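Read through the structure below, which is laid out as structure tokens, and then see the notes.
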Amino acid sequence: MDPVQEGRVVIVGSGLIGCSWAMLFASGGFQVKLYDIVQEQVTKALEKIGKELKELGKTGMLKGTLTADKQLSLISGCTDLKAAVEGAIYLQECTPENLELKKKIFGQLDLIVSNDVILGSSTSCLMPSKLFTGLKHVKQCIVAHPVNPPYYVPLVELVPHPETEPSTVEKTYALMKKIGQSPVRLTKEIDGFALNRLQYAIISEAWRLVGDGVISSDDLDLVMSDGLGMRYAFIGPLETMHLNAEGMLNYCDRYREGMIRVLKTFGPIPDFAGKTEQKINQVQRLKR
Ligand code: NAI
């Protein structure tokens, strides 16, 4: 990573995710304006970031090549949105997951931003077409969904609106790489994006297996933590297929029938309530 960069980044909303983004951009050498509606919240956020950066510096876990003090000096607080966005190259919205609130904020931003700044949203599950449709600057808008905690988990899902310019996607991708994140591009929006769709597929089958009494809640978690998850911590499911046989074509030849047979036995979507919820909760609540 390079030292201090040209260009300023704005974070809108200085909660859990906003603070993480501020630290990530500062680690990449970018000046960061951390905006929130209340000064008290901004002050608290800056204090929290200062403490965390110092701690990360002491334990050798700090990202980037700049010292903790230098990174902290790149981040400043702000409660004036117009001043915050002036001259910015990128904005990351991190306000609460509420469609009406986010639409209002992007509507405000639409009136004051230049034609160059990219407007990213951290939303976990709101679709770009819900957030950005009708905005004058829709070409510059994109969902950039991080995974909690973003400082330690590098994946960022980039999800365009149908009218997002390809250059917006490419510039956001390059920026994420520059700050050490691991961006992935979805070519079109889909509910749950990619990560949550995979996560929910796993959760559903876990739920059915425990609900049907096939396996205990603890053992189900071991299947993942001491089995499947160990593979997937290093390589994805498709590369695993390729390496688990003599290549992908050979894997499909060998396992196609078996996979389809097993998949046909999957049950309906669980309701995540009732008896199975009680059963799983009884075990899991002891772990808090
Ligand atoms: P949070 O509740 O910790 O922070 C939200 C911040 O937004 C607060 O500081 C609040 O004062 C501020 N805010 C409220 N109204 C505002 C306004 N009009 N203008 C500017 N700031 C305003 O929320 P959190 O957890 O940081 O989530 C932010 C976004 O990130 C959400 O969309 C969430 O879905 C997404 N996200 C959250 C993850 C998580 O695990 N917490 C993971 C990935 C994405």
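From the backbone N, Cα and C atoms, a Cβ is placed for every residue, glycine too.
Note: TrEMBL annotation is automatic and uncurated.
Residues or ranges marked as domain '3-hydroxyacyl-CoA dehydrogenase NAD binding' by TrEMBL: 9-189.
For 192-280, the entry in TrEMBL reads domain '3-hydroxyacyl-CoA dehydrogenase C-terminal'.
Summarising the annotation, TrEMBL assigns site 'Important for catalytic activity' to H145. Non-local neighbourhood of H145 (site 'Important for catalytic activity'): S121, S122, T123, S124, V156, E157, L158, V159, F193, L195, each in the same chain, at least six residues away, with C-beta under 8 Å from its C-beta.
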Where DSSP helix means H, G or I and strand means E or B, what are the helix, strand and coil counts for the domain '3-hydroxyacyl-CoA dehydrogenase C-terminal' (192-280)?
63 helix, 0 strand, 26 coil
So what's the average pLDDT for the domain '3-hydroxyacyl-CoA dehydrogenase NAD binding' (9-189)?
97
